[in-house]
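Encoded as structure tokens, here's the structure I'll be asking about.
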Amino acid sequence: MAATASPQPLATEDADSENSSFYYYDYLDEVAFMLCRKDAVVSFGKVFLPVFYSLIFVLGLSGNLLLLMVLLRYVPRRRMVEIYLLNLAISNLLFLVTLPFWGISVAWHWVFGSFLCKMVSTLYTINFYSGIFFISCMSLDKYLEIVHAQPYHRLRTRAKSLLLATIVWAVSLAVSIPDMVFVQTHENPKGVWNCHADFGGHGTIWKLFLRFQQNLLGFLLPLLAMIFFYSRIGCVLVRLRPAGQGRALKIAAALVVAFFVLWFPYNLTLFLHTLLDLQVFGNCEVSQHLDYALQVTESIAFLHCCFSPILYAFSSHRFRQYLKAFLAAVLGWHLAPGTAQASLSSCSESSILTAQEEMTGMNDLGERQSENYPNKEDVGNKSA
């Protein structure tokens, strides 16, 4: 893809650079451009990217499908964090579905036609941003649940969480509008098709704008939000010293560190590519190195589909009990249908948290605080 969020096509050797990908380098001197060949970059990408995309697809699909099945089967009355986690799993799955298309496109060329070019690119961008936004929503939920459990508890209703989830999808859809409008197939050379955006005579401006948008909405603002929310949560945990405080602090730190490690290298590379296109610095050799870096760091960033759901889901004792119930049901069914139901019932009963249960993590502290302030919907249901 071009300057949208979609995976970047490999560099080519012609000088038609203004409307093409991040991998092109816009030289003022056309002679210098022609001397900057990127055959090695293209060869590397044709091997590395399809293999890495396939690995991410298999691992991410397995983990997110498991998460989705557990949430749908065992969490009929979902709290805010579980609604966000469910949407995160859906977002990741839709994101992962696009990777085989890009892998085939890199290894060969775009063979899926113009309609799928536009649709896959749009689907990619929507779920690229929605996945990051839902992670931020989960951080906000934990912040309200632990730091402001009493005064802001009315903000943490299922209706409001569904509303916020709808807003996230709407914003992500709006961000993908350039894909809907500009992305199309291009034949170059004859018989070889590529799928990327064509911005007409305003290619450079659009590329700079969309990269800035990606750095800001896709990394900087979510990172600052997570640092603020989890630092405040950490202060509360240190002050209250609940059981399991150490584990909860480690979970909070792990979530922030994981987001930074996965996304910072990619966003830094995008920023350096922007400076390169503006000719603030660089030459052909620098351009080649950044092309390699962009392929590698982009692939590392895509690992968030595999790691983020695991980190968030397994930070909750409640979810671990749900997972045990699910695995007991599946394994028990293959071993003995009669024992499967007993195992499922036993695990399901153990998944109910009580006031006497030990707090083992950050999510469990929030659950305990939530029990002290039942939300308005639950009170209405009980009174009815």
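The backbone N, Cα and C atoms fix where each Cβ goes, and this holds for glycine too.
What Swiss-Prot records for 365-384 is compositional bias 'Basic and acidic residues'. The feature disulfide bond is assigned by Swiss-Prot to Cys117-Cys195, with sequence analysis given as support. Taken from Swiss-Prot, the feature N-linked glycosylation site covers Asn19. Among the features that Swiss-Prot reports, region 'C-terminal cytoplasmic tail' is placed at 327-384. The region 'Disordered' annotation in Swiss-Prot covers 363-384. Annotation source Swiss-Prot lists topological domain 'Extracellular' at 1-50, 114-118, 184-217, 272-293, citing sequence analysis. Look at Swiss-Prot and you will find 72-92, 141-162, 239-250, 315-384 tagged as topological domain 'Cytoplasmic'. As annotated by Swiss-Prot, transmembrane segment applies to 51-71, 93-113, 119-140, 163-183, 218-238, 251-271, 294-314.
Map the listed features onto the structure and describe their local environment.
Counting every protein chain shown, the number of other Cβ atoms lying within 10 Å of the Cβ of Cys195 (disulfide bond) is 27.
Long-range contacts of the topological domain 'Cytoplasmic' (72-92) within the same chain, counting only residues at least 6 positions beyond its ends with a Cβ under 8 Å from a Cβ of the stretch, are 60, 64, 127, 130-131, 134-135, 137-138, 141-142, 145, 156-158, 160-162, 165, 168-169, 305, 308-309, 312-313, 316, 322, 325-326, 348, 351, 363, 366, 370.
Remote same-chain residues near the topological domain 'Extracellular' (114-118) are listed as 101, 179-180, 183-185, 195 (criterion: CB distance under 8 Å, separation of at least six residues from the stretch ends).
Confidence for the topological domain 'Cytoplasmic' (141-162), expressed as mean pLDDT, is 80.
For the transmembrane segment (51-71), the residues of the chain that approach it from at least six positions outside its boundaries are 78, 82, 85-86, 89-90, 92-93, 96, 99-100, 102-103, 106, 299, 302-303, 305-306, 309-310, 313, 319, 322-323, 326, judged by C-beta separation under 8 angstroms.
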Residue counts in helix (H, G, I), strand (E, B) and coil for the topological domain 'Cytoplasmic' (239-250), per DSSP?
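Going through the topological domain 'Cytoplasmic' (239-250) residue by residue, I get 8 helix, 0 strand, 4 coil.
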With Cβ distances under 8 Å as the criterion, find the stretch in 163-183, 218-238, 251-271, 294-314 that has the most pairs with the transmembrane segment (93-113).
294-314
What is the number of residues in the topological domain 'Extracellular' (114-118) that are helix, strand and coil, as DSSP sees it?
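In the topological domain 'Extracellular' (114-118), the DSSP-based counts are 5 helix, 0 strand, 0 coil.
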Tell me the Cβ neighbour count for Cys117 (disulfide bond), meaning other Cβ atoms within 10 Å of its Cβ, over all protein chains shown.
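Around the Cβ of Cys117 (disulfide bond), 23 other Cβ atoms lie within 10 Å.
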For the topological domain 'Cytoplasmic' (72-92), jot down how many residues DSSP puts in helix, in strand and in coil.
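Counts, helix then strand then coil: 16 helix, 0 strand, 5 coil.
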Under DSSP, the topological domain 'Cytoplasmic' (141-162) has how many residues in helix, strand and coil?
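In the topological domain 'Cytoplasmic' (141-162), the DSSP-based counts are 14 helix, 0 strand, 8 coil.
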If you run through the topological domain 'Extracellular' (184-217) with DSSP, how many residues end up as helix, strand and coil?
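Result for the topological domain 'Extracellular' (184-217), in helix, strand, coil order: 18 helix, 9 strand, 7 coil.
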